Amino acid sequence: MSITRKSLTEGKGPINRIIRVEIISGENLFPVAMTSGESYVSVNVGDKSGKMRVSRKTTNNYFHSPDNRIEFRNVSPSTKEIIFEFHDHEKRKSAKNWGKRININQLLPFNTNHIKSFELEPIEEKVSLHSEISTPVTGIVSPENIIVPSTQISQTNITNSMTSLRLEKTQQFTTISAPLPSSTPIKMTPMKKTMSPSKLATKISSEYQCHRIIQPDLLMKKISKPKITVSLYLFPEVDPKTEKSYKTLPLHNAVERSDLYKILTLLESGKVDVNAQDEQGNTALHIASYESYNEHIILALLKNAPTIDVNKENLDKNTPFHFFCKNFSNPNCQEAMELFFRHGVNLEAQNKNLETALHTVVRNNSIRMLLVSKLLERGVDVNAATNRQSTALHYAIHNERTDLLSILLEHKAKLDLPDDHGQTPFMLAKTKSERYFKTVNDFKELIDYLIEIKASDNAIAMLVKNKMFKYKLRNQTPKTLEKIGILSSVERIALIQKFKLLPNVPEVKEITENENEQEERKKLLELIEQGKFVIEPKEIEFLANIGSGASGIVYTAKYKNVTVAVKTLKATNMEEVKEFQQEYGVLSKLQHENIVRFYGVIVKKQFSMVMEYCSKGSLYDIISKKENSITWETVFDYAEQIALGMDYLHSRTPQILHRDLKSLNILVTMETIQENGNSIEIERLKICDFGLSRFDSEITTSTKDRGTYAYCAPEVYYNQRYTTQSDVYSYGIILWELIYRVIYQKYQRPFQEFPELTMDLQIIIQSATCDLRPTIPPSTPQKMATLIRQCVMKEQENRPKSGMILTALQEMKKDFKSNPQLWNASIIQQN
């Protein structure tokens, strides 16, 4: 069967747009409920507008379809923004108006759905902090009293946060109505009209004691803002000729053309048979699931058609779920899977070849591991057989997939089930490479032994999952068994006693993942040297979700037989995408053992970055876990590796400024090196996340910086030029984290010892205006304490260069080797 997908925008230039806005909910809309007056949300797109009335019965509102929907047709491509406004006109009170602008390009590509939550800013006449402002003399205007998002920072953020206090003009003094303790008399000084926000904060802080920080709960009511959640769609305007082609099986045609707007309007009309079948027996959901990447098409059908039959069979007895498992390629598959489950999908349904969804998912070349894990979690029959008596394990071994082998065996797949030719999966493995067969045999020996000693199903699953092969068992401890998930202390002790009876055989040297991939990685790097940076989506197979953040989701994946990390970026301003692509040509050429290697970018379907995978996570992950042993040797090793990576960046022409150095952006992996003829594994630290990096120039200012507050140098707050020494400040904070961890043998966040700093923005204000820094442990050896202090000095020119840092670390390492007792004496043993 072949289904050809047609794009509505294929071969066309700029076209008009359709924008659909659905208001989902509103929070903090009114100070109190049950007041009288008028209130509504208005949405403006170019010269078009629409509004929706809001009930004043409650402070929080939830809106329902279709009354919450506002739609704009024939929006010109030149229209750049959607403007949201909330109007609160309470009787006998001044009107309050709030607003927010959304860039329309953030909704690209067409035919996708975006859920956004945001606070609204006051749009009534506001008093600038550049002019005379005041209220009764009861407190201090200071940016440390302001709440802003903790993950991004710029001078604009600080200024906006300060101005949003909506101060009143009554006298020539700068204050707010948050009362201070009455123990200290307050004397106010008039402010100049032209004083900048940062200078204003500095002057205020100098007028008062820097450690006097107003508690945030005193300000919550003052700065509480309405927050709304919206669902946004961006569609291409429909050609009238295309509309006429929808007469026969309109829903099928809309799906084939990826026309999300038409799909939604057909479903909302209630006049279309969502389960209608074409001549091959396919429903619209079959077509949406076949070779699909746009999850919004499938989600629209599953969310908006309550009578949809997810078990409808076509002429080949394939259900839509068969197609979905075999062909869906978007790693963002979890919501669609859950909706299939909610609609009662039959996981054991068999097509004409008696294949279940588990058989078809093994043949999915893009996201098979993500889907297999979900199916197995749901209890699918792992040993179901086709009309040729093949199981999913037969399929996995045929493709020599160790990851599939492991997860299927973990869920009780059998190695001894013969197909119609009498060949078991184990026998099939013998026809594969020697290395692969050895792995299969190791699993078989482990499982046979565990069954023999009557280990529990959970113990077998956990030992298989963690590849604790039989030759490794004798050296295990109760603690290691607990760590991998064997939670019963009685069983752990019983297993260890039996493991000790195993013969003491020399541990077989395993070929590590790094060694396995060494040749493939060389080939990959050769491609990069040839300038092959753009990667086709079909070249990537996603394996697992390993993390997510504000900018996107990170997956492990296979690319040309190399395990890589793929960071998928959420819909963003297309100019930012273009800017990154322009910088990528330089970033991709960075070659240093302490810099994460970039392999390429995916620009089709979903913009993604493909980079080196680091198996141990971030430096933060390592030092924040108490069970990890951190010694002075570890500190010197980590500190030197980070400094080497930073020095490499700063030594480039032009110099590269990282702008977001922190322990979360230092990744750790295991590498195999040769030493005295022996292969040994070491920890390698690598600086990552160059999303904020910029090349040094005369116009590089910190307004572009969006790093985490605790690691930001004072010049970020003062909107001064960002230099290599700004990175050195961040390095100093990381060095402090390492020192604190080794001395106290526990992790503490920078500035955590100051409980009054409850908001991130307070940290940068206090560090910039009052020279507040994390407290260096008193027992820190003098040379190390001096280096930290130098790195975090307020003046950039007084901070050491990266080369000087490396020299200082080398000298300290020599001191440690000559007198380790002195350094180890600084460690405070915890009870």
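Every residue gets a Cβ built from N, Cα and C, even glycine.
Copied over from TrEMBL, here are the features:
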| type | residues | note |
| --- | --- | --- |
| BINDING | LYS567 | ATP binding site |
| DOMAIN | 540-822 | domain 'Protein kinase' |
| REPEAT | 280-313 | repeat 'ANK' |
| REPEAT | 353-387 | repeat 'ANK' |
| REPEAT | 388-420 | repeat 'ANK' |
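DSSP classifies the residue listed as 'ATP binding site' as strand under the three-state reduction. Confidence annotation: the repeat 'ANK' (353-387) carries a mean pLDDT of 96 in the model. When DSSP labels each residue, the repeat 'ANK' (353-387) comes out as 16 helix, 0 strand, 19 coil, counted as helix, strand and coil in that order. As a summary of secondary structure, the repeat 'ANK' (280-313) carries 16 helix, 0 strand, 18 coil according to DSSP.
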